[in-house]
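Annotated features in TrEMBL:
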TRANSMEM  26-46  transmembrane segment
TRANSMEM  67-88  transmembrane segment
TRANSMEM  103-120  transmembrane segment
TRANSMEM  132-151  transmembrane segment
TRANSMEM  180-200  transmembrane segment
TRANSMEM  225-247  transmembrane segment
TRANSMEM  254-273  transmembrane segment
TRANSMEM  311-330  transmembrane segment
Amino acid sequence: MQSTRTFTDRIFLILKGLGMGAANKVPGVSGGVVAFVAGFYEEFIYSLQKINRKAFKLLINGRFKSFYNYINGRFLSLLLFGMVVSYFSVSKVLDYLIKHYELYVWSVFFGMIIGSIYYINKDFRDWNYKTYTSLAIGIIIGVSISFLNPAKENDNLWFVFFCGIISVSGMTLPGFSGSFILILLGNYVLLLVDSVNALYDTFYEIIKGDFSFIDKVERMRMLKVLAVFTLGSVTGLVTFSHLLNYILKHYKSITLSVIIGFIIGSLGVVWPWKKTIYKVQANGSFLLDSTGEKIIANYKRYIPELHAETYYAIGFIILGIAIVLALEIYGQKTRKIHD
């Protein structure tokens, strides 16, 4: 599987990692959709489920090359590299675009979700009462999640570990947004803003030779929270991949119909025309995170009036659909090469 990849394939795999990383950070968008549409979802799940007891035995026995080949290491490392680079680059650009061109960015995402539904559904022919029921369940769950009210922030380490497990659902389960789930759980700012900023500050101080952070109680608490969250994310990633690999193998039609339902249901989360609702204090002032930004509580959706801005947004929806169709064409070419 690895040996057949050309240099161009590897570059595109890194770019796919960039796409997944950026998508995973945006509330309402699922990195799993990127994997599904770009044609590497099943290989992604297959590779992750290879991180098992046999893999750890190879690692413990010092058979590093065998371990690397067994888990499809080249594929995972290139994808992971793209995700990490995305977090420090593409996602920052995306944050800027959302802040200054929010309607148009959400319009592109909305179009991409519509394109994803078309992509997954077009080759699916096994419709029966079981798959229709599964589709309905997926839609209901997806829509229900988009209208839930968020909980309060909770830094209990067991809950943080649980948040880590849930947060990777967007990578392994198309249609589920891990970052939006974190908003609902009340820990989006704690885990994806404050704790990450604490890590940035710590690295910066270490580079300068300053180790005074060890005596800072709040800093050490945030680093502990981030470590537990990371452990939960890794646990969730491996666990979900084993579960999904099993159900894709034994219940593929039902699984795909549920995924289609999830993605349809997620349209409510990425609906472009919405007003952001921020958390406020008792005196009416906005709650701010460690970077001074207002903390998102939820979104209030509305039907737009027809004017120039709305037409521009519709144009960006069409652009989003076109992006997915372009990814589909490339994904088809890639699958033909590796088949």
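Just so you know, glycine gets a Cβ as well, placed from its N, Cα and C.
All TrEMBL annotations are machine predictions without curation.
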Okay, the transmembrane segment (26-46) and the transmembrane segment (67-88): do they have at least three CB pairs under 8 Å, pairs separated by 6 or more? yes
For the transmembrane segment (132-151) and the transmembrane segment (103-120), check the count of CB pairs under 8 Å (sequence separation 6 or more) and say whether it reaches 3 or more. no
Same chain only, please: residues at least 6 beyond the ends of the transmembrane segment (26-46) with a C-beta under 8 Å from a C-beta of the stretch. Say none if there are none. 1, 13, 16, 19-20, 72, 75, 79, 91, 94, 98, 106, 109, 112-113, 115-116, 119-120, 146, 170-180, 182-183, 188, 241, 244-245, 248, 259, 263, 266, 269-270, 296, 324, 327-328, 330-332, 334-335
Mind pulling out the one from 103-120, 180-200, 225-247, 311-330 with the most Cβ pairs under 8 angstroms to the transmembrane segment (254-273)? 103-120
With contact taken as 3 or more Cβ pairs under 8 angstroms (pairs 6 or more apart in sequence), are the transmembrane segment (225-247) and the transmembrane segment (311-330) in contact? no
